[in-house]
Amino acid sequence: MGDWEFLEKLLDQVQEHSTSIGKIWLMVLFIFRILILGLAGESVWGDEQSDFICNTEQPGCTNVCYDKAFPISHVRYWVLQFLFVSTPTLFYLGHVIYLSRREEKLKQKESELRALDDKEQVEQAIAIIEKKKMKLYIQEDGTVKIKGALMCTYLTSVIFKSLFEAGFLLGQWYLYGFVMTPIYVCERVPCPHKVDCFVSRPMEKTIFIVFMLVVSLISLFLNVLELIHLVCKSMIDTLKKYSPYVPPNRYPKNEDTYPEKTSETATAPFQDKSYIYLPMNDNISYPQYKMPNEQNWANFNTEHQLAISGNNQSPLGHYSLSAFVPVPPKTHSTMEKPSTRASSSASKKQYV
């Protein structure tokens, strides 16, 4: 059982670098093959040769009939099947370990280069190392991306697993069949005539044979399904690689995000210009602030009142403030215009 535990640890490492279908295949391999075969196989098939009895007393007849009925024990046959089916996965694991060790060496070399002083040569060497690391397809979490040469190795392992499964199923059908008969008729030297041999617990052994047959069929189905998945994935990657690049659309395609255009036509000068409608909420509350010109005019009135109130105290009070008064906007009430005939006549007398 120690060798089986070592093999189980190796296959557990493969699970980290397999597809989802490959992980299901490993679960089927461990739970329904290793555990069932290790726990129930010996108890069911332990009396296979000891309880194989033939109705003859001819020496050696029972042994040759047992060898003809069971060229290889069922348990040993299933163990051999398990080893053959697991071997391609171990080759794939070896490729993964090789890529991981290679990445570790590249990282170590990169750290050594960063410690040097010549920046130009260091940058060139680091760029070369980065290109080599990209070819390894190893992600940041340590898992290997199945691409390139690793994809070929994985595809090859799946193909060989499928071939081994199908081959062992055909071999079991040719050697034993899938039903254990209670009586086996043997005619072989040194038996003097046809001999009837009896198998112990044939129904129990038939159930076990059918169970292992179903497990083998499930494993074969998963391998074929994974093979189709990998082929489709590689074809999609190839099409993406050689297809022209189409940049993503920066603007939304849904026309509902923009409000409908109003039926009213724009007035000049914006009538002939195109403009964008932006989505806005109808219930927007604006703060009650005054317009800038209204606020400036209110500030000026306040300062003007303060200046008039302090006119008597200021030494410059006898000067007129009309020179400093700005012209108010048209939207507000304007100051009274001093246009009288008396003032105009007085100005004429002054010039005379």
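The backbone N, Cα and C atoms fix where each Cβ goes, and this holds for glycine too.
Membrane topology per Swiss-Prot: K23 and E57 sit on opposite sides, carrying different topological domain names. Feature annotation (Swiss-Prot): of 100-122, 330-352, the stretch labelled region 'Disordered' is 330-352. For the topological domain 'Extracellular' (177-208), residue counts in helix, strand and coil come to 7 helix, 8 strand, 17 coil, using DSSP. Long-range contacts of the topological domain 'Extracellular' (47-76) within the same chain, counting only residues at least 6 positions beyond its ends with a Cβ under 8 Å from a Cβ of the stretch, are 37, 41, 175-176, 184, 186, 188-192, 195-201, 205, 208-209.
The DSSP breakdown of the topological domain 'Extracellular' (47-76), given as helix, strand and coil counts, is 12 helix, 2 strand, 16 coil.
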